[in-house]
Amino acid sequence: MKAKRRILLQLLTFCLFLLLLAKIHFRNHQEEELLLSDWFNPRRRLDVITTTDWLAPIIWEGTFDRKVLETYFRKQNITVGLAVFAVGSLTDKYLDPFLQSASKFFMPGYRVIFYIMVDKYLQLQEMEHNPLQSFQVLKIGKERWWSNFDLMRMKILSEHIRDHIRYEVDFLFSMNINMVFQSEFGVETLSTSVAQLHPWWYFRKRTNLPYERKPTSVAHIPFGLGDFYYAGAIIGGVPFQVLDFAQQYLKGVFLDTENGVNSTYEKYLNKYFFLNKPTKLLSPEYSWDPTFNLPRHVWFVKIAHHPIDTL
């Protein structure tokens with residue numbers, strides 16, 4: 001009888017110990033959790049839309065506290081990936097300005113892996129050494145659908161995410177090559193799913209947004225529906241989220257092709273974010289076309305997205 005009591009007492013003591021450990025873990029987790037209100041203040045920018053209907057933040061200059069974000073993310077010991085495709089005639093003109101500016105302004109102070117997808121042997125230009133940055137030049141082959149650049153890009157990107165990128169980085173961005181960073185693109189942009197607002201269509205009426213209107217297309221968004229119009233120049237998030245978009249895009253293109261329907265990469269992107277709401281939106285400051293007049297809403301251009309052949 002005494003032996004049974006001793007065993008019960010030991011079990012009770014062990015259970016209490018586990019509860020104590022769980023309480024300590026929960027408290028520590030609470031202390032480490034970063035709340036939106038800790039770093040984001042939409043009231044500082046009453047001149048623009050700063051929060052979506054589903055309560056995702058829209059990042060404008062003045063709305064975020066980078067010091068709070070830096071304190072949090074440095075404890076997380078993160079690595080961020082940036083993928084860019086340098087193929088054909090675009091490489092010679094656009095790659096060097098992209099990489100030179102990105103090495104200076106993209107996630108400074110954090111480990112960064114640049115994934116450069118190329119269709120031919122490439123010797124990178126010399127850049128200032130940064131021990132936190134590394135470069136992977138990844139050769140891609142030409143296949144029968146290679147002429148469809150966006151299809152090729154998403155297929156190759158999805159393969160690399162599955163094969164190795166998901167094990168190497170915590171967050172991943174894919175950007176167009178004809179972009180030049182002009183100021184810091186920092187940790188305020190990090191989230192599970194990141195979408196870029198279109199610099200032209202953001203300032204237009206929602207009824208005029210150029211969604212896919214053909215009902216037979218996978219990318220179709222009916223009239224009267226839709227949230228924003230997203231630009232295809234930047235997509236980001238955690239690797240599995242970027243992979244999910246790439247896979248859904250490829251699936252949509254193949255289904256439409258089988259049915260004799262054509263659409264565009266950006267329209268598939270907008271359909272994806274209509275169904276799968278992004279957790280963070282980047283304002284037009286993060287992908288501004290320098291040929292546009294600068295409106296008063298845009299305080300600082302983070303990236304200049306140059307039209308092809310104007311850089």
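For all residues, glycine too, the Cβ spot is worked out from N, Cα and C.
Residues or ranges marked as topological domain 'Cytoplasmic' in Swiss-Prot (evidence: sequence analysis): 1-5.
If you look up Swiss-Prot, you'll see 6-26 marked as transmembrane segment, on the strength of sequence analysis.
According to Swiss-Prot, the topological domain 'Lumenal' annotation covers 27-311, on the basis of sequence analysis.
A coil conformation is recorded for N77 (N-linked glycosylation site) in the three-state DSSP classification, outside any helix or strand. Note: N77 (N-linked glycosylation site) has no non-local neighbours, i.e. no same-chain residues 6+ apart with C-beta under 8 A of its own C-beta. Annotation comment: Swiss-Prot describes N77 as N-linked glycosylation site.
Feature annotation from Swiss-Prot assigns substrate binding site to F85, A86, V87, G88, S89, L90, N176, I177, N178, H198, P199, W200, W201; the stated evidence is similarity to another entry. A C-beta separation below 8 Å, combined with a sequence spacing of at least six in one chain, links V87 (substrate binding site) to M117, V118, D119, I140, F149, M152.
As annotated by Swiss-Prot, active site, nucleophile applies to E266. In the three-state DSSP classification, E266 (active site, nucleophile) falls within a helix.
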Among S89, N176, which are binding-site residues, the residue with the most C-beta atoms within 10 angstroms of its C-beta: N176
Pairwise C-alpha maximum, in angstrom, for the residues (F85, A86, V87, G88, S89, L90, N176, I177, N178, H198, P199, W200, W201) that bind substrate according to the record: 29
Where N176 (substrate binding site) falls in three-state DSSP terms: coil
Cα distance (Å, whole number) from E266 (active site, nucleophile) to P199 (substrate binding site): 13
Integer Cα-Cα distance in angstrom, S89 (substrate binding site) to E266 (active site, nucleophile): 22
